[in-house]
Amino acid sequence: MQVHRDTRAGLLLPWRWVALCLMSLLHLNNLTSATTETSTQGISPSVPTNESVEENITSSIPGSTSHYLIYQDSSKTTPAISETMVNFTVTSGIPSGSGTPHTFSQPQTSPTGILPTTSDSISTSEMTWKSSLPSINVSDYSPNNSSFEMTSPTEPYAYTSSSAPSAIKGEIKCSGIREVRLAQGICLELSEASSCEEFKKEKGEDLIQILCEKEEAEADAGASVCSLLLAQSEVRPECLLMVLANSTELPSKLQLMEKHQSDLRKLGIQSFNKQDIGSHQSYSRKTLIALVTSGVLLAILGTTGYFLMNRRSWSPTGERLGEDPYYTENGGGQGYSSGPGASPETQGKANVTRGAQENGTGQATSRNGHSARQHVVADTEL
């Protein structure tokens with residue numbers, strides 16, 4: 001009986017060892033530890049199987065342990081997908097205060113792809129894979145709390161080139177032709193009529209680059225910024241008058257324009273010459289009528305005054321100045337005349353009377369200072 005028990009115990013001992021080994025192998029299959037490694041793998045088409053595989057990847061970091069679990073179902077068919085490398089920066093929270101980051105790479109799938117799956121009991125479905133950001137920084141790691149900071153791998157930068165020529169700074173001002181106080185300017189003959197504002201908007205910058213070449217050198221020495229004054233002609237719409245602040249600059253400006261004549265033609269300026277600003281000012285019809293009317297009135301007033309000054313003046317009573325009232329009373333200024341049949345004596349008496357009147361008295365000489373009217377004695381008998 002004792003022999004039978006020993007024999008049975010001897011048979012059961014190997015089975016116990018076998019069961020212990022199987023349990024150890026099963027435990028080893030479930031837990032696999034690995035250090036930080038960099039791998040690049042490609043997922044190739046797999047053959048459907050009836051088992052599901054669980055991969056447990058453990059990264060060993062001093063002071064902390066992270067587990068990355070990836071579940072795969074072997075019954076699903078996945079096509080080949082290329083993978084990209086993603087850098088993980090992990091800073092362990094070791095109490096010693098060392099902040100040395102640990103960097104490792106984890107393969108991730110490329111941008112979003114749709115994978116069909118097949119199964120006996122599950123209908124066809126779609127699985128979406130999303131790629132993570134190119135760079136992930138993991139900081140402030142602790143066993144109980146972990147925070148993730150996501151940053152962009154590239155930063156914008158500015159590129160400047162010092163070899164490019166700097167543009168000439170200047171300005172163009174538009175003014176009315178009547179507001180210009182200078183006498184002369186340069187007429188820019190345009191190929192087609194255009195206002196000053198339109199020309200400034202379309203071709204102003206190019207004109208500054210051409211005409212402000214000399215002024216730019218002076219500006220570097222401390223002078224003011226180049227400024228051009230343009231005025232629209234009222235007589236010729238296709239003419240833009242360029243007015244300069246100093247009339248002595250006209251010859252030098254004309255020489256500069258002749259030097260860049262080909263460039264000016266590209267801007268639509270056919271020709272240019274020096275002209276008087278007053279000739280481009282138009283006068284309205286009302287102004288012309290007012291001037292003519294004023295001239296006619298002045299002529300009429302002048303003629304009337306001339307005739308009034310040459311006319312002989314008369315007294316208020318209507319008598320001529322210089323006539324003797326007594327002479328008018330006694331004879332009315334009429335002389336004595338004798339008829340054809342008058343006698344010589346009568347003519348002599350008339351002459352005596354006329355002589356007395358011409359003396360201014362018209363009276364005969366009186367005695368004792370008294371004047372008496374002369375009595376005429378008739379020669380004929382009554």
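Every residue gets a Cβ built from N, Cα and C, even glycine.
Residue with Swiss-Prot feature N-linked glycosylation site, selected from ASN50, ASN359: ASN50. Among the candidates ASN30, ASN137, the residue that Swiss-Prot annotates as N-linked glycosylation site is ASN137.
Shown in sequence order, the list is empty: the chain has no residue 6+ apart in sequence with a C-beta less than 8 angstroms from the C-beta of ASN246 (N-linked glycosylation site).
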